[in-house]
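Trainee: Here you go, one structure.
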(Lines of atoms letter the chains of each structure in order from A and count residues from 1; the text may use other names and numbers.)
(Lines give C-alpha, C1' and ligand atoms only; values in the text may rest on other atoms or scores of the structure.)
Protein backbone atom coordinates (compact mmCIF):
# COMPACT_ATOMS: atom_id res chain seq x y z
CA UNK A 1 0.00 0.00 0.00
CA UNK A 2 1.42 3.36 -0.98
CA UNK A 3 2.29 5.82 1.72
CA UNK A 4 0.31 9.02 1.76
CA UNK A 5 1.84 12.38 1.08
CA UNK A 6 2.98 13.71 4.47
CA UNK A 7 2.37 17.30 3.39
CA UNK A 8 -1.12 18.24 4.55
CA UNK A 9 -1.25 21.16 2.13
CA UNK A 10 -1.34 18.64 -0.72
CA UNK A 11 -4.29 16.77 0.72
CA UNK A 12 -7.37 16.98 -1.46
CA UNK A 13 -10.73 17.52 0.17
CA UNK A 14 -13.76 15.55 -1.05
CA UNK A 15 -15.87 17.02 -3.86
CA UNK A 16 -18.59 18.10 -1.44
CA UNK A 17 -16.32 20.38 0.51
CA UNK A 18 -16.65 24.06 -0.21
CA UNK A 19 -14.68 26.87 1.27
CA UNK A 20 -16.13 30.33 1.27
CA UNK A 21 -19.58 31.80 1.39
CA UNK A 22 -20.56 32.19 -2.23
CA UNK A 23 -23.42 30.47 -4.02
CA UNK A 24 -22.90 26.73 -4.03
CA UNK A 25 -24.16 23.74 -5.88
CA UNK A 26 -26.89 21.69 -4.31
CA UNK A 27 -25.49 19.58 -1.52
CA UNK A 28 -22.34 21.64 -1.04
CA UNK A 29 -21.58 22.80 2.48
CA UNK A 30 -19.96 26.15 3.24
CA UNK A 31 -17.61 26.74 6.12
CA UNK A 32 -16.70 29.91 7.98
CA UNK A 33 -13.19 31.08 8.79
CA UNK A 34 -13.12 28.81 11.87
CA UNK A 35 -13.99 25.71 9.85
CA UNK A 36 -17.60 25.50 11.12
CA UNK A 37 -20.31 24.39 8.75
CA UNK A 38 -22.69 26.89 7.19
CA UNK A 39 -25.82 26.22 5.15
CA UNK A 40 -25.40 26.43 1.35
CA UNK A 41 -27.76 29.42 1.30
CA UNK A 42 -26.01 31.22 4.18
CA UNK A 43 -25.31 34.89 3.48
CA UNK A 44 -27.34 35.04 0.26
CA UNK A 45 -29.54 38.01 -0.53
CA UNK A 46 -33.15 37.33 -1.52
CA UNK A 47 -32.25 37.93 -5.14
CA UNK A 48 -29.32 35.51 -5.03
CA UNK A 49 -31.46 32.89 -3.32
CA UNK A 50 -34.22 33.15 -5.95
CA UNK A 51 -31.69 32.89 -8.78
CA UNK A 52 -30.27 29.67 -7.35
CA UNK A 53 -33.60 27.83 -6.96
CA UNK A 54 -33.24 26.14 -10.32
CA UNK A 55 -29.45 25.93 -10.54
CA UNK A 56 -29.29 24.17 -7.16
CA UNK A 57 -31.91 21.69 -8.35
CA UNK A 58 -29.30 20.13 -10.62
CA UNK A 59 -28.52 16.60 -9.38
CA UNK A 60 -25.39 16.49 -7.25
CA UNK A 61 -24.31 13.19 -8.84
CA UNK A 62 -22.41 12.06 -5.79
CA UNK A 63 -20.75 8.65 -6.15
CA UNK A 64 -23.32 5.90 -5.54
CA UNK A 65 -22.21 3.91 -2.49
CA UNK A 66 -22.82 0.20 -2.16
CA UNK A 67 -26.01 -0.04 -0.03
CA UNK A 68 -24.79 -3.25 1.60
CA UNK A 69 -21.63 -1.45 2.66
CA UNK A 70 -23.75 1.38 4.07
CA UNK A 71 -25.77 -1.07 6.16
CA UNK A 72 -22.57 -2.68 7.45
CA UNK A 73 -21.30 0.71 8.61
CA UNK A 74 -24.08 0.92 11.19
CA UNK A 75 -23.12 -0.30 14.65
CA UNK A 76 -25.22 -2.61 16.81
CA UNK A 77 -26.23 0.27 19.08
CA UNK A 78 -27.30 2.38 16.11
CA UNK A 79 -29.34 -0.54 14.73
CA UNK A 80 -31.05 -0.91 18.10
CA UNK A 81 -32.06 2.77 18.09
CA UNK A 82 -33.23 2.55 14.50
CA UNK A 83 -35.17 -0.65 15.11
CA UNK A 84 -37.16 0.60 18.09
CA UNK A 85 -37.98 3.85 16.29
CA UNK A 86 -39.00 2.01 13.11
CA UNK A 87 -41.37 -0.39 14.85
CA UNK A 88 -42.87 2.36 17.01
CA UNK A 89 -43.57 4.43 13.89
CA UNK A 90 -44.95 1.31 12.18
CA UNK A 91 -47.40 0.64 14.96
CA UNK A 92 -48.29 4.30 15.21
CA UNK A 93 -49.44 4.05 11.58
CA UNK A 94 -51.20 0.74 12.25
CA UNK A 95 -53.27 2.27 15.04
CA UNK A 96 -54.13 5.26 12.88
CA UNK A 97 -55.34 3.19 9.93
CA UNK A 98 -57.55 0.95 12.02
CA UNK A 99 -60.26 3.59 11.61
CA UNK A 100 -59.66 4.20 7.89
CA UNK A 101 -60.10 0.48 7.21
CA UNK A 102 -63.31 0.12 9.23
CA UNK A 103 -65.21 3.28 8.22
CA UNK A 104 -68.29 1.43 6.99
CA UNK A 105 -68.39 -0.93 9.99
CA UNK A 106 -68.08 1.97 12.43
CA UNK A 107 -70.79 3.90 10.59
CA UNK A 108 -73.18 0.97 10.97
CA UNK A 109 -72.20 0.45 14.64
CA UNK A 110 -72.88 4.04 15.67
CA UNK A 111 -75.69 4.77 13.21
CA UNK A 112 -73.72 7.48 11.39
CA UNK A 113 -72.66 8.24 7.82
CA UNK A 114 -69.17 7.54 6.43
CA UNK A 115 -68.50 11.29 6.53
CA UNK A 116 -69.35 11.36 10.25
CA UNK A 117 -66.85 8.59 10.94
CA UNK A 118 -64.13 10.34 8.97
CA UNK A 119 -64.29 13.04 11.64
CA UNK A 120 -62.54 10.49 13.83
CA UNK A 121 -59.66 10.62 11.33
CA UNK A 122 -59.84 14.41 11.13
CA UNK A 123 -59.67 14.84 14.91
CA UNK A 124 -56.53 12.70 15.07
CA UNK A 125 -54.87 14.80 12.39
CA UNK A 126 -55.94 18.08 14.01
CA UNK A 127 -54.65 17.25 17.50
CA UNK A 128 -51.39 15.61 16.51
CA UNK A 129 -49.74 19.05 16.49
CA UNK A 130 -50.55 19.43 20.20
CA UNK A 131 -48.70 16.19 20.95
CA UNK A 132 -45.79 17.21 18.72
CA UNK A 133 -45.30 20.45 20.65
CA UNK A 134 -45.63 18.90 24.11
CA UNK A 135 -43.59 15.76 23.52
CA UNK A 136 -41.13 17.51 21.20
CA UNK A 137 -40.15 20.05 23.86
CA UNK A 138 -39.96 17.28 26.47
CA UNK A 139 -37.70 15.14 24.24
CA UNK A 140 -35.33 18.03 23.50
CA UNK A 141 -35.18 19.11 27.15
CA UNK A 142 -35.29 15.84 29.11
CA UNK A 143 -34.20 13.24 26.58
CA UNK A 144 -35.64 11.00 23.89
CA UNK A 145 -36.26 7.99 26.10
CA UNK A 146 -39.09 8.78 28.55
CA UNK A 147 -41.34 10.80 26.22
CA UNK A 148 -41.04 7.85 23.82
CA UNK A 149 -42.15 5.44 26.55
CA UNK A 150 -45.08 7.64 27.62
CA UNK A 151 -46.21 7.90 23.98
CA UNK A 152 -46.48 4.15 23.68
CA UNK A 153 -48.25 3.77 27.01
CA UNK A 154 -50.89 6.18 25.74
CA UNK A 155 -51.25 4.15 22.54
CA UNK A 156 -52.16 1.10 24.62
CA UNK A 157 -54.73 2.91 26.75
CA UNK A 158 -56.41 4.81 23.91
CA UNK A 159 -56.54 1.94 21.44
CA UNK A 160 -58.30 -0.14 24.10
CA UNK A 161 -60.57 2.83 24.83
CA UNK A 162 -61.58 2.99 21.17
CA UNK A 163 -62.22 -0.75 21.12
CA UNK A 164 -64.63 -0.52 24.06
CA UNK A 165 -66.44 2.62 22.87
CA UNK A 166 -70.21 2.21 22.98
CA UNK A 167 -71.30 5.57 21.58
CA UNK A 168 -70.19 7.94 18.84
CA UNK A 169 -69.06 10.68 21.31
CA UNK A 170 -66.93 8.12 23.19
CA UNK A 171 -65.35 7.08 19.88
CA UNK A 172 -64.53 10.68 18.97
CA UNK A 173 -63.09 11.40 22.43
CA UNK A 174 -60.73 8.42 22.26
CA UNK A 175 -59.58 9.34 18.76
CA UNK A 176 -59.00 12.97 19.77
CA UNK A 177 -56.76 11.90 22.67
CA UNK A 178 -55.08 9.35 20.43
CA UNK A 179 -54.19 12.21 18.08
CA UNK A 180 -52.23 13.95 20.87
CA UNK A 181 -50.32 10.77 21.66
CA UNK A 182 -49.67 9.99 18.00
CA UNK A 183 -48.39 13.50 17.33
CA UNK A 184 -45.64 13.19 19.90
CA UNK A 185 -43.96 10.19 18.35
CA UNK A 186 -42.77 11.18 14.87
CA UNK A 187 -40.12 13.75 15.77
CA UNK A 188 -38.79 11.57 18.57
CA UNK A 189 -38.69 8.49 16.34
CA UNK A 190 -36.85 10.36 13.58
CA UNK A 191 -34.26 11.73 16.02
CA UNK A 192 -33.81 8.37 17.76
CA UNK A 193 -33.37 6.54 14.48
CA UNK A 194 -31.21 8.91 12.46
CA UNK A 195 -29.22 11.41 14.50
CA UNK A 196 -26.46 8.99 15.57
CA UNK A 197 -26.04 7.37 12.14
CA UNK A 198 -22.98 7.90 9.91
CA UNK A 199 -23.84 10.75 7.49
CA UNK A 200 -23.54 8.69 4.31
CA UNK A 201 -26.15 6.20 5.52
CA UNK A 202 -28.85 8.74 6.37
CA UNK A 203 -30.56 8.94 2.98
CA UNK A 204 -31.05 5.17 2.78
CA UNK A 205 -32.11 4.86 6.42
CA UNK A 206 -34.44 7.86 6.16
CA UNK A 207 -36.30 6.11 3.36
CA UNK A 208 -36.41 2.89 5.34
CA UNK A 209 -37.66 4.66 8.48
CA UNK A 210 -40.45 6.50 6.68
CA UNK A 211 -41.70 3.22 5.27
CA UNK A 212 -42.67 2.20 8.75
CA UNK A 213 -45.79 4.19 7.87
CA UNK A 214 -46.47 2.10 4.76
CA UNK A 215 -45.54 -1.10 6.60
CA UNK A 216 -48.03 -0.19 9.32
CA UNK A 217 -50.70 0.40 6.69
CA UNK A 218 -49.89 -2.97 5.12
CA UNK A 219 -50.12 -4.73 8.48
CA UNK A 220 -53.38 -2.94 9.30
CA UNK A 221 -54.84 -4.02 5.94
CA UNK A 222 -53.83 -7.64 6.46
CA UNK A 223 -55.01 -7.84 10.07
CA UNK A 224 -58.25 -6.02 9.25
CA UNK A 225 -58.99 -8.78 6.75
CA UNK A 226 -58.33 -11.40 9.40
CA UNK A 227 -59.96 -9.75 12.42
CA UNK A 228 -62.81 -7.52 11.18
CA UNK A 229 -66.21 -9.21 10.85
CA UNK A 230 -64.69 -12.64 11.40
CA UNK A 231 -65.97 -12.90 14.99
CA UNK A 232 -69.20 -11.88 16.73
CA UNK A 233 -67.37 -8.74 17.93
CA UNK A 234 -67.23 -7.16 14.46
CA UNK A 235 -64.57 -4.46 14.16
CA UNK A 236 -63.43 -4.43 17.81
CA UNK A 237 -60.79 -7.24 17.69
CA UNK A 238 -58.64 -5.15 15.34
CA UNK A 239 -58.38 -2.43 18.01
CA UNK A 240 -57.81 -4.95 20.81
CA UNK A 241 -54.94 -6.43 18.87
CA UNK A 242 -53.54 -2.95 18.12
CA UNK A 243 -52.99 -2.34 21.83
CA UNK A 244 -50.60 -5.29 22.29
CA UNK A 245 -47.28 -4.67 20.39
CA UNK A 246 -46.55 -1.29 22.09
CA UNK A 247 -45.84 -3.29 25.27
CA UNK A 248 -42.83 -4.90 23.55
CA UNK A 249 -41.73 -1.57 22.08
CA UNK A 250 -41.73 0.00 25.56
CA UNK A 251 -39.56 -2.82 26.96
CA UNK A 252 -37.15 -2.47 24.03
CA UNK A 253 -36.77 1.29 24.55
CA UNK A 254 -36.25 0.90 28.30
CA UNK A 255 -33.22 -1.29 27.57
CA UNK A 256 -31.53 1.45 25.51
CA UNK A 257 -29.76 4.65 26.71
CA UNK A 258 -30.15 8.15 25.32
CA UNK A 259 -28.81 8.89 21.84
CA UNK A 260 -25.27 10.21 21.70
CA UNK A 261 -26.28 13.45 19.97
CA UNK A 262 -28.75 14.25 22.75
CA UNK A 263 -26.15 13.40 25.40
CA UNK A 264 -23.73 15.86 23.80
CA UNK A 265 -26.34 18.63 23.88
CA UNK A 266 -27.12 17.75 27.50
CA UNK A 267 -23.40 17.88 28.26
CA UNK A 268 -23.21 21.40 26.83
CA UNK A 269 -26.06 22.51 29.10
CA UNK A 270 -24.45 20.93 32.12
CA UNK A 271 -21.13 22.57 31.30
CA UNK A 272 -22.88 25.92 30.83
CA UNK A 273 -24.58 25.45 34.20
CA UNK A 274 -21.29 24.63 35.91
CA UNK A 275 -19.74 27.73 34.39
CA UNK A 276 -22.64 29.94 35.45
CA UNK A 277 -23.30 31.94 38.57
CA UNK A 278 -25.86 29.62 40.15
CA UNK A 279 -25.20 27.81 43.37
CA UNK A 280 -26.86 24.82 44.87
CA UNK A 281 -29.18 22.22 43.43
CA UNK A 282 -31.99 24.65 42.70
CA UNK A 283 -29.74 27.03 40.85
CA UNK A 284 -28.16 24.16 38.96
CA UNK A 285 -31.54 22.99 37.75
CA UNK A 286 -32.48 26.53 36.83
CA UNK A 287 -29.21 26.92 34.93
CA UNK A 288 -29.89 23.90 32.68
CA UNK A 289 -33.42 25.09 31.95
CA UNK A 290 -32.22 28.63 31.32
CA UNK A 291 -29.70 27.39 28.76
CA UNK A 292 -32.41 25.33 27.08
CA UNK A 293 -34.75 28.33 26.95
CA UNK A 294 -32.02 30.57 25.53
CA UNK A 295 -31.38 27.99 22.84
CA UNK A 296 -35.10 28.06 22.07
CA UNK A 297 -35.19 31.84 21.79
CA UNK A 298 -32.18 31.89 19.49
CA UNK A 299 -33.61 29.07 17.35
CA UNK A 300 -37.02 30.73 16.96
CA UNK A 301 -35.48 34.14 16.25
CA UNK A 302 -33.14 32.81 13.58
CA UNK A 303 -35.18 29.96 12.12
CA UNK A 304 -38.85 30.99 12.33
CA UNK A 305 -39.02 31.35 8.56
CA UNK A 306 -37.73 27.83 7.92
CA UNK A 307 -40.22 26.49 10.48
CA UNK A 308 -43.09 28.19 8.61
CA UNK A 309 -41.78 26.78 5.36
CA UNK A 310 -41.55 23.26 6.77
CA UNK A 311 -45.14 23.46 8.03
CA UNK A 312 -46.38 24.47 4.57
CA UNK A 313 -44.28 21.75 2.93
CA UNK A 314 -45.55 19.12 5.34
CA UNK A 315 -49.13 20.23 4.72
CA UNK A 316 -48.62 19.35 1.07
CA UNK A 317 -47.01 16.01 1.91
CA UNK A 318 -49.81 15.07 4.28
CA UNK A 319 -52.45 16.04 1.75
CA UNK A 320 -50.54 13.82 -0.67
CA UNK A 321 -50.52 10.72 1.54
CA UNK A 322 -53.98 11.03 3.11
CA UNK A 323 -55.57 12.21 -0.12
CA UNK A 324 -54.30 9.17 -2.00
CA UNK A 325 -54.94 6.58 0.72
CA UNK A 326 -57.68 7.29 3.23
CA UNK A 327 -60.72 6.88 0.96
CA UNK A 328 -59.08 4.55 -1.55
CA UNK A 329 -60.45 1.31 0.01
CA UNK A 330 -63.90 2.91 0.10
CA UNK A 331 -63.56 3.86 -3.58
CA UNK A 332 -62.60 0.31 -4.53
CA UNK A 333 -65.55 -1.20 -2.65
CA UNK A 334 -68.22 1.41 -3.34
CA UNK A 335 -67.42 2.65 -6.84
CA UNK A 336 -65.85 -0.40 -8.46
CA UNK A 337 -67.48 -3.19 -6.48
CA UNK A 338 -64.30 -4.86 -5.25
CA UNK A 339 -64.81 -7.59 -2.70
CA UNK A 340 -62.98 -7.75 0.61
CA UNK A 341 -60.25 -10.02 -0.76
CA UNK A 342 -59.69 -7.84 -3.84
CA UNK A 343 -59.44 -4.70 -1.70
CA UNK A 344 -56.94 -6.41 0.59
CA UNK A 345 -54.75 -7.59 -2.31
CA UNK A 346 -54.81 -4.12 -3.91
CA UNK A 347 -53.87 -2.43 -0.64
CA UNK A 348 -51.08 -4.90 0.07
CA UNK A 349 -49.58 -4.44 -3.41
CA UNK A 350 -49.89 -0.65 -3.10
CA UNK A 351 -48.03 -0.70 0.18
CA UNK A 352 -45.32 -2.93 -1.19
CA UNK A 353 -44.86 -0.27 -3.85
CA UNK A 354 -44.81 2.39 -1.15
CA UNK A 355 -42.12 0.59 0.82
CA UNK A 356 -40.01 0.03 -2.28
CA UNK A 357 -40.37 3.69 -3.30
CA UNK A 358 -39.39 5.08 0.07
CA UNK A 359 -36.26 2.96 0.36
CA UNK A 360 -35.10 3.42 -3.25
CA UNK A 361 -35.74 7.17 -3.42
CA UNK A 362 -34.37 7.79 0.08
CA UNK A 363 -31.14 6.11 -1.02
CA UNK A 364 -31.08 8.00 -4.34
CA UNK A 365 -31.60 11.34 -2.56
CA UNK A 366 -28.15 10.91 -1.03
CA UNK A 367 -26.77 10.74 -4.58
CA UNK A 368 -28.92 13.20 -6.54
CA UNK A 369 -30.20 15.53 -3.80
CA UNK A 370 -33.31 15.85 -1.63
CA UNK A 371 -35.28 18.41 -3.63
CA UNK A 372 -34.82 16.90 -7.08
CA UNK A 373 -35.87 13.50 -5.71
CA UNK A 374 -39.12 14.95 -4.36
CA UNK A 375 -39.92 16.80 -7.58
CA UNK A 376 -39.34 13.75 -9.80
CA UNK A 377 -41.61 11.59 -7.62
CA UNK A 378 -44.39 14.19 -7.71
CA UNK A 379 -44.21 14.29 -11.51
CA UNK A 380 -44.37 10.49 -11.66
CA UNK A 381 -47.30 10.37 -9.25
CA UNK A 382 -49.22 12.98 -11.23
CA UNK A 383 -48.72 11.04 -14.46
CA UNK A 384 -50.22 7.92 -12.84
CA UNK A 385 -53.34 9.53 -11.35
CA UNK A 386 -55.69 8.59 -14.17
CA UNK A 387 -55.09 4.82 -14.06
CA UNK A 388 -54.94 4.98 -10.25
CA UNK A 389 -58.49 6.31 -10.01
CA UNK A 390 -60.32 5.46 -13.27
CA UNK A 391 -59.33 1.87 -14.08
CA UNK A 392 -62.19 -0.31 -12.84
CA UNK A 393 -60.66 -3.76 -13.46
CA UNK A 394 -58.10 -5.69 -11.42
CA UNK A 395 -55.43 -3.97 -13.54
CA UNK A 396 -55.75 -1.06 -11.12
CA UNK A 397 -53.43 -3.06 -8.84
CA UNK A 398 -50.42 -2.15 -11.02
CA UNK A 399 -51.38 1.54 -10.99
CA UNK A 400 -51.75 1.39 -7.20
CA UNK A 401 -48.25 -0.09 -6.84
CA UNK A 402 -46.53 2.65 -8.85
CA UNK A 403 -48.70 5.49 -7.51
CA UNK A 404 -47.76 4.63 -3.95
CA UNK A 405 -44.15 4.09 -5.06
CA UNK A 406 -44.20 7.77 -6.09
CA UNK A 407 -46.07 9.07 -3.02
CA UNK A 408 -43.93 7.26 -0.49
CA UNK A 409 -40.82 7.72 -2.60
CA UNK A 410 -41.18 11.45 -2.05
CA UNK A 411 -41.95 10.78 1.62
CA UNK A 412 -38.80 8.69 1.99
CA UNK A 413 -36.74 11.88 1.73
CA UNK A 414 -38.78 13.69 4.41
CA UNK A 415 -37.27 12.50 7.75
CA UNK A 416 -33.68 13.35 6.88
CA UNK A 417 -34.65 16.47 4.90
CA UNK A 418 -36.49 17.85 7.94
CA UNK A 419 -33.64 16.97 10.30
CA UNK A 420 -31.03 18.61 8.07
CA UNK A 421 -33.07 21.84 7.92
CA UNK A 422 -33.89 21.91 11.66
CA UNK A 423 -31.85 23.67 14.39
CA UNK A 424 -29.88 21.04 16.27
CA UNK A 425 -30.90 21.76 19.86
CA UNK A 426 -34.61 21.63 18.95
CA UNK A 427 -34.51 18.96 16.29
CA UNK A 428 -37.25 16.77 17.79
CA UNK A 429 -39.53 19.75 18.36
CA UNK A 430 -39.08 21.24 14.88
CA UNK A 431 -39.31 17.93 13.00
CA UNK A 432 -42.34 16.75 14.94
CA UNK A 433 -44.13 20.10 15.09
CA UNK A 434 -43.67 20.97 11.41
CA UNK A 435 -44.83 17.51 10.43
CA UNK A 436 -47.88 17.60 12.69
CA UNK A 437 -48.85 21.22 11.98
CA UNK A 438 -48.78 20.17 8.35
CA UNK A 439 -51.10 17.36 9.39
CA UNK A 440 -53.34 19.93 11.06
CA UNK A 441 -53.58 21.94 7.84
CA UNK A 442 -54.40 18.76 5.91
CA UNK A 443 -56.56 17.21 8.63
CA UNK A 444 -59.81 17.54 6.71
CA UNK A 445 -58.49 15.87 3.55
CA UNK A 446 -60.59 12.70 3.85
CA UNK A 447 -63.64 14.68 4.94
CA UNK A 448 -63.18 17.08 2.02
CA UNK A 449 -62.93 14.21 -0.45
CA UNK A 450 -65.89 12.41 1.09
CA UNK A 451 -68.06 15.54 1.11
CA UNK A 452 -67.21 16.51 -2.48
CA UNK A 453 -67.68 12.90 -3.55
CA UNK A 454 -71.29 13.05 -2.37
CA UNK A 455 -71.92 15.57 -5.16
CA UNK A 456 -71.18 12.83 -7.70
CA UNK A 457 -73.66 10.08 -6.77
CA UNK A 458 -73.82 6.70 -8.48
CA UNK A 459 -76.66 4.20 -8.46
CA UNK A 460 -77.37 2.83 -4.99
CA UNK A 461 -76.23 -0.67 -4.20
CA UNK A 462 -78.84 -3.05 -2.82
CA UNK A 463 -77.76 -5.36 0.00
CA UNK A 464 -79.52 -7.57 2.53
CA UNK A 465 -79.53 -4.64 4.97
CA UNK A 466 -81.01 -2.23 2.42
CA UNK A 467 -79.67 0.38 0.02
CA UNK A 468 -76.05 1.52 0.23
CA UNK A 469 -75.26 4.89 -1.29
CA UNK A 470 -72.40 4.99 -3.81
CA UNK A 471 -70.31 7.95 -4.98
CA UNK A 472 -67.71 8.63 -7.67
CA UNK A 473 -64.76 9.03 -5.31
CA UNK A 474 -62.23 8.30 -8.07
CA UNK A 475 -62.88 11.56 -9.87
CA UNK A 476 -62.51 13.54 -6.65
CA UNK A 477 -59.26 11.80 -5.64
CA UNK A 478 -57.78 12.40 -9.10
CA UNK A 479 -58.52 16.14 -9.19
CA UNK A 480 -57.56 16.62 -5.53
CA UNK A 481 -54.22 14.84 -5.91
CA UNK A 482 -53.36 16.74 -9.10
CA UNK A 483 -53.63 20.01 -7.18
CA UNK A 484 -51.61 18.60 -4.28
CA UNK A 485 -48.75 17.44 -6.51
CA UNK A 486 -48.52 20.89 -8.15
CA UNK A 487 -48.40 22.52 -4.70
CA UNK A 488 -45.63 20.22 -3.39
CA UNK A 489 -43.52 20.76 -6.52
CA UNK A 490 -43.81 24.54 -6.12
CA UNK A 491 -42.91 24.48 -2.40
CA UNK A 492 -39.97 22.17 -3.03
CA UNK A 493 -38.63 24.39 -5.80
CA UNK A 494 -38.61 27.52 -3.63
CA UNK A 495 -37.27 25.79 -0.52
CA UNK A 496 -33.69 25.26 0.72
CA UNK A 497 -31.65 22.10 1.08
CA UNK A 498 -28.83 21.15 3.46
CA UNK A 499 -27.66 17.82 2.10
CA UNK A 500 -24.99 16.18 4.26
CA UNK A 501 -25.34 18.47 7.28
CA UNK A 502 -23.36 17.44 10.35
CA UNK A 503 -25.40 16.79 13.52
CA UNK A 504 -22.33 17.23 15.74
CA UNK A 505 -23.02 19.68 18.55
CA UNK A 506 -19.77 21.49 17.77
CA UNK A 507 -21.22 22.40 14.34
CA UNK A 508 -24.44 23.79 15.85
CA UNK A 509 -24.27 27.57 15.39
CA UNK A 510 -27.16 28.21 17.81
CA UNK A 511 -25.56 26.23 20.63
CA UNK A 512 -22.24 28.01 20.14
CA UNK A 513 -24.03 31.37 20.26
CA UNK A 514 -25.85 30.53 23.50
CA UNK A 515 -23.18 28.58 25.39
CA UNK A 516 -20.01 29.95 23.83
CA UNK A 517 -17.24 28.26 21.88
CA UNK A 518 -15.21 27.36 24.96
CA UNK A 519 -18.12 25.70 26.75
CA UNK A 520 -19.09 23.67 23.69
CA UNK A 521 -15.47 22.60 23.28
CA UNK A 522 -15.24 21.65 26.92
CA UNK A 523 -18.51 19.72 26.85
CA UNK A 524 -17.44 17.71 23.83
CA UNK A 525 -14.10 17.02 25.44
CA UNK A 526 -15.81 15.89 28.66
CA UNK A 527 -18.21 13.65 26.78
CA UNK A 528 -15.46 12.03 24.74
CA UNK A 529 -13.14 11.49 27.71
CA UNK A 530 -11.82 7.98 27.46
CA UNK A 531 -12.50 7.98 23.74
CA UNK A 532 -10.17 10.85 22.77
CA UNK A 533 -6.79 10.19 21.24
CA UNK A 534 -3.95 9.97 23.72
CA UNK A 535 -1.10 12.38 23.14
CA UNK A 536 -3.07 14.45 20.66
CA UNK A 537 -1.16 17.26 19.08
CA UNK A 538 -2.55 20.64 18.08
CA UNK A 539 -4.25 23.40 20.02
CA UNK A 540 -7.26 22.96 22.30
CA UNK A 541 -9.59 24.24 19.61
CA UNK A 542 -8.79 21.12 17.60
CA UNK A 543 -10.38 18.91 20.26
CA UNK A 544 -13.89 19.81 19.16
CA UNK A 545 -13.57 17.00 16.63
CA UNK A 546 -13.94 14.35 19.33
CA UNK A 547 -12.36 11.14 18.05
CA UNK A 548 -14.43 8.03 18.60
CA UNK A 549 -13.15 4.49 18.55
CA UNK A 550 -15.37 3.33 15.71
CA UNK A 551 -14.38 6.10 13.29
CA UNK A 552 -11.78 4.08 11.44
CA UNK A 553 -14.51 1.56 10.55
CA UNK A 554 -16.74 4.11 8.81
CA UNK A 555 -16.46 4.90 5.13
CA UNK A 556 -15.91 8.61 5.65
CA UNK A 557 -12.58 7.52 7.20
CA UNK A 558 -10.51 5.39 4.88
CA UNK A 559 -7.21 3.60 5.40
CA UNK A 560 -4.78 5.21 2.98
CA UNK A 561 -1.55 3.51 3.92
CA UNK A 562 1.03 3.51 6.66
CA UNK A 563 3.00 6.50 7.80
CA UNK A 564 4.94 5.55 10.89
CA UNK A 565 1.88 3.96 12.48
CA UNK A 566 -1.35 3.08 10.65
CA UNK A 567 -2.92 6.25 9.33
CA UNK A 568 -6.60 6.91 8.87
CA UNK A 569 -7.77 9.96 7.01
CA UNK A 570 -11.07 11.78 7.64
CA UNK A 571 -12.35 14.84 5.81
CA UNK A 572 -14.08 17.76 7.49
CA UNK A 573 -15.12 21.09 5.93
CA UNK A 574 -11.88 22.90 5.02
CA UNK A 575 -9.72 20.59 7.16
CA UNK A 576 -8.09 17.18 7.05
CA UNK A 577 -7.86 15.29 10.33
CA UNK A 578 -5.27 12.52 10.57
CA UNK A 579 -5.99 9.64 12.99
CA UNK A 580 -3.13 7.45 14.12
CA UNK A 581 -3.64 3.75 14.87
CA UNK A 582 -1.30 0.76 15.21
CA UNK A 583 0.09 -0.21 11.81
CA UNK A 584 -1.95 -3.41 11.59
CA UNK A 585 -5.11 -1.70 12.92
CA UNK A 586 -5.23 -4.48 15.49
CA UNK A 587 -7.00 -2.23 17.97
CA UNK A 588 -9.43 0.63 17.67
CA UNK A 589 -7.55 2.60 20.29
CA UNK A 590 -6.47 5.90 18.78
CA UNK A 591 -2.84 6.82 19.37
CA UNK A 592 -2.98 10.47 18.35
CA UNK A 593 -4.04 12.91 15.71
CA UNK A 594 -3.04 16.05 13.87
CA UNK A 595 -5.33 18.57 12.20
CA UNK A 596 -4.22 20.67 9.24
CA UNK A 597 -5.81 23.40 7.18
CA UNK A 598 -6.09 22.39 3.52
CA UNK A 599 -6.60 25.85 2.10
CA UNK A 600 -9.13 28.66 1.95
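Note: Cβ is positioned from N, Cα and C throughout, glycine not excepted.
In TrEMBL, annotation is done automatically, which means it is predicted and not curated.
Here's the feature list from TrEMBL:
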- 1-42: region 'Disordered' (REGION)
- 18-33: compositional bias 'Polar residues' (COMPBIAS)
- 79-97: transmembrane segment (TRANSMEM)
- 81-499: domain 'Major facilitator superfamily (MFS) profile' (DOMAIN)
- 117-139: transmembrane segment (TRANSMEM)
- 146-164: transmembrane segment (TRANSMEM)
- 170-191: transmembrane segment (TRANSMEM)
- 203-226: transmembrane segment (TRANSMEM)
- 238-256: transmembrane segment (TRANSMEM)
- 304-322: transmembrane segment (TRANSMEM)
- 342-365: transmembrane segment (TRANSMEM)
- 372-389: transmembrane segment (TRANSMEM)
- 395-418: transmembrane segment (TRANSMEM)
- 476-495: transmembrane segment (TRANSMEM)
Trainee: Suppose you look only at the domain 'Major facilitator superfamily (MFS) profile' (81-499); what would the mean pLDDT be?
Mentor: 87
Trainee: Which bits of the chain, at least 6 residues beyond where the transmembrane segment (203-226) starts or stops, bring a Cβ under 8 A of a Cβ in it?
Mentor: 67, 70-71, 74, 82, 85-98, 100-102, 189-190, 193-194, 197, 238, 241, 321, 325, 340-341, 344, 347-348, 351-352, 354-355, 358-367, 404, 408, 411-417
Trainee: So if I exclude everything within five residues of the ends of the transmembrane segment (238-256), which remaining residues of that chain have a CB under 8 angstroms from its CBs? That is, six or more out.
Mentor: 77, 80-81, 83-84, 87-88, 91, 94-95, 98, 101-102, 145, 148-149, 152-153, 155-156, 159-160, 162-163, 220, 223-224, 227-228
Trainee: Between the transmembrane segment (372-389) and the transmembrane segment (476-495), are there at least three Cβ pairs closer than 8 Å, leaving out pairs fewer than 6 positions apart?
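Mentor: Yes; at least 3 Cβ pairs under 8 Å.
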Trainee: Select the range from 117-139, 146-164, 304-322, 395-418, 476-495 that forms the most Cβ-Cβ pairs under 8 Å with the transmembrane segment (342-365).
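Mentor: Between the candidates 117-139, 146-164, 304-322, 395-418, 476-495, the best contact partner of the transmembrane segment (342-365) is 395-418.
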Trainee: For the transmembrane segment (395-418), which stretch among 117-139, 146-164, 304-322 has the most Cβ pairs under 8 A?
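Mentor: Ranked by Cβ pairs under 8 Å, first place goes to 304-322.
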